[in-house]
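Novice: I am attaching a structure below and will ask some questions about it afterwards.
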Amino acid sequence: ASPVIGHLKHGMRSTGPTTAVHYLATKCVDTVKTHHKDSKWFMPWGPDQCSKIRDFDEATAKRIEANNIVFAVHIPLPNREMSPWFQFMLVILQFDIAFKMQNQIEDGSLVTMDVGLAYRDSTLSEWTEMAHSTEHRKLSCNFTATMTYENEGRYYECDLLPFMEVGSVAHKYYLLNIRLPVNERKKVNIGIGEIKDIRLVSIHQNGGFTKVWFAMKTFLTPSVLIIMIWYWRRITQMTRPPVLLEKIIFALGISMTFINIPVEWFSVGFNWTWMLLFGDIRQGIFYAMLLSFWIIFCGEHLMDQTERNHFSVYWKQVGPIVFGSFCLFIFDMCERGVQLKNPFYSIWASDVGTELAMAFIIVAGICACLYFLFLCFMVFQVFRNISGKRSSLPAMTKARRLHYEGLIFRFKFLMLVTLACAAMTVIFFIISQVNEGHWHWGGYTVQVNSAFFTGIYGMWNLYVFALMFLYAPSHKRYGDEQSSAGNSGEDIQLTTTITHVDGPTEIYKMTGKEAQE
């Protein structure tokens, strides 16, 4: 699920698939001055809370150095618990930086953070370290007022920074400790302005949405699996080998079943941090299969194509789709793959990474739009050719003519459904890409509600189900009452591509005859 900010409502009532919770870091004082990994964890509240300061002026008065201040954030808020139903946790960071004439933010300044993440499952147990890292984030702030002594104390407007992503929420309580170590000799955290506070936004999937999502997958898996088995049995009963169109529909059914299998149920009981990555891979395989299928589906119904029923004919169209999917996989591995080891890692943290990621999202969106336009062109060609072939219908007997007119109408309807499905898929793909990245460039978010999310998924299943149902070979025959030699000859010619099939495939069949002529 893409990290999309919904309304800031708690629990299951939110309209979005995700919920965002805001936190303000508490400034704890490390009196022990131990900075190695075994150092104790600082709790912002509760019975074992740390000794706190309100602001840095108090720290200066008490002669507390910046290196001894620890920003502590407990996730979730007091008297609440995290749940495995939340699926993932994405944390965004924002600095509150005050303007001072003597301590301005320098261009290209980096903030160095010594960050630690710990967890526990009971309020009485000890904190267990989950991750520890030294992270660098580039500040992107601007000061809207004029830089004069009168405006000292006003805040800079700073962009949100990617901070952390965890692929499973297996524990009830999480604790973040952030230090901003200062080293003047090494120029560490120098020229970053006067940091007053650290704010965090934690985003997780709604438990209610997760349950609906799991239930939907559990219901849809057997439905598609049963029709897939039935479809393949119909094909194997034929005397001829399966044609390319039948094979590709079956492959689409397999990829739909693969994305349907509700392995997410295990994520509730097991701490599988790789579930997000696995989900992305499954969705990527399905996207590649679906986009390739639409190209072959339209291509196989183009009547002026002399060579068909060979996968090699489509390598020019399918090749770029496979290459694009592979690029998306590499991009995902660079981000989520590394996050399995270090949840604080972000490809957006560096300039080069940000430019690459931005370019990737823009190129992916443009390619999706170009693909859709190409598909529209192919569908237009199919429609134009079908209209041309309708001229041969008046020569047929009434029963046969009505039968083919019905088939043409149904086939045109299926083509339009395909186009609508493609349009929705492209829109969904672009929106999900934008939402993946919107935090990182500090732009606007597109509100995607649960109905749209589950609706697209349901549409894919329904579409795959309908295809297998419509394209399953049948043993019926039409127009057998016309047993004259001429008509039986026509019958043989009509079934050069596929024998004894009805449904949309007969259009495909009719084209075999026309192409030969």
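The backbone N, Cα and C atoms fix where each Cβ goes, glycine too.
What TrEMBL records for this protein is below:
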- 26-205: domain 'Wntless GOLD' (DOMAIN)
- 206-475: domain 'Wntless-like transmembrane' (DOMAIN)
- 212-232: transmembrane segment (TRANSMEM)
- 244-263: transmembrane segment (TRANSMEM)
- 283-302: transmembrane segment (TRANSMEM)
- 314-331: transmembrane segment (TRANSMEM)
- 356-386: transmembrane segment (TRANSMEM)
- 407-431: transmembrane segment (TRANSMEM)
- 451-472: transmembrane segment (TRANSMEM)
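Tell me about the surroundings of these features in the structure.
Specialist: Regional average pLDDT for the domain 'Wntless GOLD' (26-205) in the model is 88.
Below 8 angstroms of C-beta separation, residues 17, 249-250, 253-254, 256-257, 260-262, 264-265, 450, 454, 457-458, 461, 464-465, 468-469, 471-472 of the same chain, each at least six residues beyond the ends of the transmembrane segment (212-232), sit close to that stretch.
Same-chain residues lying 6+ beyond the ends of the transmembrane segment (244-263) with a Cβ under 8 Å from its Cβ atoms: 214, 217-218, 220-221, 224-225, 227-228, 231-232, 235, 275, 278, 282-283, 285-286, 289-290, 292-293, 296-297, 300, 308-311, 460-461, 464, 467-468, 471, 473, 505, 508.
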Novice: Please give the sequence-distant neighbours of the transmembrane segment (314-331): residues at least 6 beyond its ends with Cβ less than 8 Å from one of its Cβ atoms.
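Specialist: Same-chain residues near the transmembrane segment (314-331) but 6 or more away: 281, 284-285, 287-288, 291-292, 295-296, 299, 357, 360, 364, 367, 371, 374.
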